[in-house]
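K.L.:
Here you go, one structure.
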Amino acid sequence: MDSEFNISTSFTLLGLVEMDGLKYLYSSLSFLIYVLTLLCNLIIVIAVWTEESLHQPMYVLIASLVLNGIIGSSSFFPKLIVDLVSSTTVISRDACFIQSFCLMISAYCEISTFTLMAYDTHLAICHPLRYNSLMSNVVVLNLLVGSFFFNLIIVLIIILLSARLPLCGSQINSIFCDNMSLFILSCVDTSMNKLYGTIIFVSYLVTAIIIIVYSYIQIFLVCIKVSKDAGKKATHTVVTHLLNFSIFLTGALFIFIRYRLENTHIPIFIHILLSITALLFPPFLTPLIYGLRTKALKIKIMCLLHKYMNGDVT
């Protein structure tokens, strides 16, 4: 195949070329955002890990969600910061596929975690008497591990199919690598790869949305029948989950829009804006929303911060 095509072994990230003029400003902002994202997410993980009262399925799922946010952010920001400071605009083929894999597995795990959170909330509100027998920390951990390996198989298949493609193009219209950008660089027809990837992702996302919407409709119907205080508490929990899921869907929509604009004459700045928005807001806003809107978690976080500020870390 190498004799038939001029195969690219590295790629130029055009978004980094565009940002080079103000690289120190962008690198400083990226560093600040990354540190704040890590701190916000780590505080929740540590709070859930150290506070025994938070060792419940809902908080385990929240910790899993923000931990996934750390992985997703770390797949993108550190390399972006280093590249901006060193004026590097080139990424190797192997590094490109690794970054694409990490971002993709993070996205799939985020969807599955939101789905499990909807299922957990549904059981807690619609079947409160059976909740403890149906859902426990062990069950949640098994579901999280099972969903991770399921996601891993799906993403590995997609990445391995992409890795077999000869890539002749050398310019990626973004500041990071993702699977769809690699398709555009292929020397051969990628219709089957795109069809497989689209069917898998759309089916996965639609199934998750159906489960989430069904769960919250059932919860809403229960809230109508229960007391005002119980209904208000349940509604508050549902709104928090839906708000975070909406942020994730908005990020996915921005990525979709960017793909649709790939072959148009839209300025590279728009591509950069859409890319950063999709990767920045979910991991940055999720811990803030849960930390502010979840009363028990908020109290434990404040206690944790108070202990550390006073030097009491025992």
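Yeah, the Cβs are placed from backbone N, Cα and C, and that goes for glycine too.
Computed from a predicted structure; not experimentally measured.
Reproduced below are the annotations present in TrEMBL:
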- 24-49: transmembrane segment (TRANSMEM)
- 40-290: domain 'G-protein coupled receptors family 1 profile' (DOMAIN)
- 58-77: transmembrane segment (TRANSMEM)
- 97-119: transmembrane segment (TRANSMEM)
- 139-161: transmembrane segment (TRANSMEM)
- 195-217: transmembrane segment (TRANSMEM)
- 238-257: transmembrane segment (TRANSMEM)
- 269-292: transmembrane segment (TRANSMEM)
K.L.:
Are the transmembrane segment (58-77) and the transmembrane segment (139-161) close enough that 3 or more Cβ pairs fall under 8 Å, when only pairs 6 or more apart in sequence count?
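P.N.:
The transmembrane segment (58-77) and the transmembrane segment (139-161): touching, yes.
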K.L.:
Could you check whether the transmembrane segment (269-292) packs against the transmembrane segment (24-49) - three or more CB pairs closer than 8 Å, residues at least 6 apart in sequence?
P.N.:
yes
K.L.:
Quickly jot the same-chain residues contacting the transmembrane segment (195-217) by Cβ under 8 Å, restricted to those at least six beyond its ends, or write none.
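P.N.:
Same-chain contacts beyond the ends: 108, 111-112, 114-115, 118-119, 121-122, 154, 158, 161, 179-180, 238, 241-242, 245, 252.
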K.L.:
Limited to the domain 'G-protein coupled receptors family 1 profile' (40-290), I'd like the whole-number average of pLDDT.
P.N.:
83
